[in-house]
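Visitor: Have a look at this one.
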Amino acid sequence: MMHDDPNEAGLPPDDAALPDEAADGADEVNPLHHRRIRSFVTRAGRVSTGQRRAIDELGPRFVVPYAPTLPDWDAVFGRSAPRILEIGFGMGASTAEIAAHRPGDDFLGVEVHEPGVGALLKLIGEQGLTNIRIIQHDAVEVLEHMLAPESLDGVHIFFPDPWHKARHHKRRLIQPPLVAQLAARLKPGAYLHCATDWQNYAEQMLEVLSAEPTLENTAADYAPRPDYRPVTKFERRGLRLGHGVWDLVFRKRAA
């Protein structure tokens, strides 16, 4: 998920024991196995009254329950349109803004934390958005079971948890097995857009994405921020302090 607010990110203290630490050795053999090293830590988080109301009132329409089957996404969205997957939308502000400015595209947001789901649903209600659907589940399992090969027109992964301690780098979301899964689900010519404010993670992203043979970089290395990606409050504050932000935009090679 986006880590704009450390309290929402669910990140443990740097030296805290993590729930699946003991299983790390086995998971590294097959990173997409169901006991793999996860890129997130599930925390309860406080759901506000407004978020709870949005979940109760709008969830039945806009939240798609996870199931290990392929849905009819045209039926889910009520139309056939370009489909963009967003992994880890945080509190949903960027998702809602992008969807509002791109009404011809449909957006599927995947987020594990309930406050973020409630926050995005609240924005959907306030702005009258109809082109967003949400799955509250682990994105890797959603990719494996709910999205068909060559079914996506784009993927957004903005500011995933950086796991900045070296011993936790294996928990970072952008790893070769996940990128291969994402690439397989992109249509030829479709794009994968990642953004991070951690230089070390940006370098890892560039290395991993460049190594995926079915993807090609749209820039020499890092791309200018595309106009459709909003600058978040957290990002704006960081830029004022001289912190960097790195965007990477890759495309699926033609068959």
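All positions are counted from 1 along the displayed chain.
Every residue gets a Cβ built from N, Cα and C, even glycine.
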Visitor: Looking at the candidate ranges 1-30, 151-180, 211-240, report the one that Swiss-Prot labels region 'Disordered'.
Guide: 1-30
Visitor: Which single residue out of Asp138, Asp197, Asp247 does Swiss-Prot record at the substrate site shared with Lys165, Thr232, Lys233, Phe234, Glu235?
Guide: Asp197
Visitor: Kindly point out which candidate in Glu57, Glu111, Glu114, Glu203 is recorded by Swiss-Prot as part of the S-adenosyl-L-methionine site with Glu86, Asp138, Asp161.
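Guide: That S-adenosyl-L-methionine site, as Swiss-Prot gives it, pairs Glu86, Asp138, Asp161 with Glu111.
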Visitor: Can you tell me how spread out the S-adenosyl-L-methionine site is, meaning the largest CA to CA distance among Glu86, Glu111, Asp138, Asp161, in Å?
Guide: 14
Visitor: Would you say which of the recorded positions Asp161, Asp197 has the most Cβ atoms within 10 Å of its own Cβ?
Guide: Asp161
Visitor: Give me the count of other Cβ atoms within 10 A of the Cβ belonging to Lys233 (substrate binding site).
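Guide: Other Cβ atoms found within 10 Å: 11.
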Visitor: Could you state the whole-number distance in Å separating the C-alpha atoms of Asp138 (S-adenosyl-L-methionine binding site) and Phe234 (substrate binding site)?
Guide: 25
Visitor: Here's one to test understanding: among the binding-site residues Glu86, Asp197, Phe234, Glu235, whose C-alpha is closest in space to the C-alpha of Asp161 (active site)?
Guide: Asp197
